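Notes to accompany the following structure.
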Amino acid sequence: MTDNNKYRDVEIRAPRGNKLTAKSWLTEAPLRMLMNNLDPQVAENPKELVVYGGIGRAARNWECYDKIVETLTRLEDDETLLVQSGKPVGVFKTHSNAPRVLIANSNLVPHWANWEHFNELDAKGLAMYGQMTAGSWIYIGSQGIVQGTYETFVEAGRQHYNGSLKGKWVLTAGLGGMGGAQPLAATLAGACSLNIECQQSRIDFRLETRYVDEQATDLDDALARIAKYTAEGKAISIALHGNAAEILPELVKRGVRPDMVTDQTSAHDPLNGYLPAGWTWEQYRDRAQTDPAAVVKAAKQSMAVHVKAMLDFQKQGIPTFDYGNNIRQMAKEEGVANAFDFPGFVPAYIRPLFCRGVGPFRWAALSGDAEDIYKTDAKVKELIPDDAHLHRWLDMARERISFQGLPARICWVGLGLRAKLGLAFNEMVRSGELSAPVVIGRDHLDSGSVSSPNRETEAMRDGSDAVSDWPLLNALLNTAGGATWVSLHHGGGVGMGFSQHSGMVIVCDGTDEAAERIARVLTNDPGTGVMRHADAGYQIAIDCAKEQGLDLPMITG
């Protein structure tokens, strides 16, 4: 048994520069990215190992964290560390092209895959919720979801408002690690936004990092600001301290009409992530310890009220969509039979991108030098010269996005381009243009790496929403291809029982061997997304598979 102490009063910051603390960059990289996940600029509650998303942790407890760090510093380049739900459980001899770390987080046999059983295991120190990029050590702060949210808002603007969100406003809630991206994404897309958040500390953090522009004093003040800025055609984001389950019904009652409605509260985790209406945060946390069943019930009842208000907006013809936190499922379990009347964001706006393997490609500069990221930004523009939309994103990102922890960048690119960029970055390390290696990873929210019937795989054309072979195959292929670390998780985004997903990270250290691994992994990884969607019958994916020369025996053979 290990010490299940999850609190330590300490500040962690990844090493910078090009001096190694481990034996090679292949082990230095996961070490730095683990530490970066717990940087106070990055993590929501680093002293309790919580990175984002309710209780998404980087390690099971502090004893496990210490042992992971110790093991990574001694790991050889023909050894692989196995991490089981945030606990380092073994080091085995493999080979130099194998992953240096293999991670499995939060996985439960399906019959027991629910929050009640997971919470029992967590309390005993036998499990850890890894979310998606918390336990896989590739979280880069809210930037990691900004572009995906931006792409969603832009596509919604195309579909509903003739391509322009000028003078429009988005109503949403949640300013945590994921939801905190919403105000900036809306601003970049040209819209105002009203962002409800129940924790003042989260509002303060988003103001400090320039993800949100202003805070209103109360609802009347917020609506007055929205009216002023939309009339002026300005894109300003406004935070409001309050509870969405109280404020959304009040807006419906007043006849207020937003132009778009969504939500990114941590509704996936009623015990830890959604404050019941009428409760203080302190009451919520205290009662979670003493009467968890009552807390879950109260949170889900409030979610039902919240979703009913969203349905009311939808009935008025206002574009309304779930942004992947499973709030519709929670409301349905509380008796809101038509909770799924409004769609999720993936089938509504994102799936055509997934069909081409396009998703959240990200990289981080292990040097800690922002100039390394700016140089890679320029390289992306050079190699993809004709994509004005992507260039605009990179320009806006440089101007508006504050780095959190190690400098990083995200841009949505797909099959073909990911490998091209990865190989170019590796050459930049080789030539000394970059001052230290970079790591390339992605969110588990990607085209071929997740099965989540209420989010990424909602309403698949062939009805295969719940088939979870695909992320397993993705993880196996990335392991075979030589990713530096590979992860396989359960329950990220939408909570226990509702998703399985995999992640990969690969190091660009400037070597020939790295180039070979990069070419394989950054082709195969998005390739599985095209494969998955082609198999489901999407013509865009079938065409992409043929154009890119994928060997899909039942489709291209």
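Glycine is no exception: its Cβ is also placed from the backbone N, Cα and C atoms.
Owing to the predicted nature of the structure, the values given are computational and were not obtained by experimental measurement.
The annotation active site is assigned in Swiss-Prot to Cys411. The feature NAD(+) binding site is assigned by Swiss-Prot to 53-54, Gln131, 177-179, Glu197, Arg202, 243-244, 264-268, 274-275, Tyr323, Gly493.
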Judged by the number of other CB atoms within 10 angstroms, which among Gly177, Gly493 is the least packed of the binding-site residues?
Gly493
For Ala244 (NAD(+) binding site), just count the other CB atoms lying within 10 A of its CB, please.
30
Check Ala244 (NAD(+) binding site) against DSSP and tell me helix, strand or coil, would you?
helix
Packing count at Ser266 (NAD(+) binding site) (other Cβ atoms within 10 Å of its Cβ):
27
Between the Cα atoms of Ser266 (NAD(+) binding site) and the residue listed as 'active site', find the distance and write it as a whole number of Å.
24
Alpha-carbon distance [Cys411 (active site); Gly177 (NAD(+) binding site)] in Å:
18
Which chain-mates of Cys411 (active site) that are at least 6 residues away have a CB under 8 A from its CB, listed by sequence?
Gln147, Phe361, Arg362, Val380, Leu390, Trp393, Leu394, Ala397
Tell me, how many other CB atoms lie within 10 A of the CB of Gly53 (NAD(+) binding site), whichever protein chain they belong to?
28
